[in-house]
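What Swiss-Prot lists as CTP binding site is 19-22, 90-91, Asn95, 130-139, Arg175. According to Swiss-Prot, the feature Mg(2+) binding site maps to Asp32, Asp34.
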Amino acid sequence: MAHMDFPFYTPKDAFPVGGAVRDLLLGRRPTDLDYAALDPEKAAEEAKRRLGGSLFPLDPKRGHYRLVVGERTLDFTPLEGRLEEDLLRRDYRVNALLWKGGAVFGLKGVEEDLRRRLLVPVREENLYQDHLRSLRGVRLAATLGFGLPRRTREALGRHARFLQAHPEALPARERVKEELARLLLSPRAAFGLRLLERVGLLGVYLPELALLVGLHQGGVHHLPAWEHTLSAVFHLLWLWPEAPLEARLAALFHDVGKPLTRRFDPEVGRFRFLGHAEVGAEIARASLFWLRFPKEVVERVAGLVRRHMDRLPEERKALRRFFLRRQDLLPDLVYLMAADRLATRGVEREAWEVLGRYEEVLKDPLPQRPLLSGEEVMALLGLQEGPEVGRALKALLEAQAEGRVGTKEEARAFLLYWRGGREAQASGTPDHPH
């Protein structure tokens, strides 16, 4: 194959392999480096002396070591047998590459795979040596923009059916989470999710979402539920290419509650999904916790799913109050609501209204904190520490967002007025106007 200089530090008796070599041949800059070494531990220690970073064993019995230097990861594994034998143990031909002495070595057919941008397993049985490899194949297709020829799709499908029948063979959930996150963070996330479903892996790793496949919706929905979900993911990234993982997960899970809430309403003559956002939030929370996503990610996604059906009020003060109460979910919620509408026939105009009205609110930024502290509120209203202080601060912040309060003096006057209304309600007198 090609002759080239490897542009990264390489320890003695270690050879760059796999994705880093592939990426260089594709004109991409590798983020992580893999090395096959005669003595992986020795090579990893040599790299640490040269580069610094943190070294730790991944699997010392098998000779797997990892060095983390800044944002780059260097993995060291044993060079097993002769060169060709080592390459034959790898997952896909485009990953069965090794750099040695200024030359790149690969298996027969890899040059055509790279030229045609196709993903082909080295051998189908290799998928069963590490059961994450089928999911990794879908992720690679999405991140690299590679196609899956029929033989690959069929091999992945057989492996998916094996995993369905043998759940004990499933990879560690942390590894599954990493592959799914990398797939979703790809610009081609919707394409990758479609492949995941087509080869049968959606039901293996995300069975809650597999229930959306073929689910008829009707009404304004011209697409079945799964196709609508893919369209929402696509439109989210079209509107917001740098969308964070939480927003992408929310787009993926936003309608996951529909299969459990689908009911035919004879009054309107179609199916309805009342409460699907609330049900979906709990399903998303359970699914993502099972996959070992961090708690802060899970809670944000659940909040976005729960709120994605909220309607924007017409009146300006109410609109600012609406966004203030959901400030912790912004801007993700706005883009999710817009993407959901763009994936639905007949309400596309609402997507631009959502974005436009949010942009209008941003011209006068929402307040980040109340003008008075908790201690000042307690002193002013004669309160002890407790939930009433929090309610007072919340009311003050909303008044600031609405434009009714702009100074500390106005804040004090507002809170005294607010307390009068609370006392009037408690005593049973007519409701205070505020």
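Here the Cβ of each residue, glycine as well, is placed from N, Cα and C on the backbone.
Annotated features, which come from Swiss-Prot, shown on the structure.
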residue	record	Cβ within 10 Å
Gly19	CTP binding site	20
Arg22	CTP binding site	24
Asp32	Mg(2+) binding site	15
Asp34	Mg(2+) binding site	20
Asn95	CTP binding site	24
Leu132	CTP binding site	17
Leu135	CTP binding site	25
Val138	CTP binding site	28
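Following the DSSP three-state reduction, the secondary structure of Leu132 (CTP binding site) is coil. A 10 Å radius around the C-alpha of Asp34 (Mg(2+) binding site) takes in these binding-site residues out of Gly19, Arg22, Leu135, in sequence order: Gly19. Across the structure, Gly19 (CTP binding site) and Asp32 (Mg(2+) binding site) place their CA atoms 8 angstrom apart. Mapped onto three states, the DSSP output places Asp32 (Mg(2+) binding site) in strand. On a Cα basis, Asp32 (Mg(2+) binding site) lies 12 Å away from Arg22 (CTP binding site).
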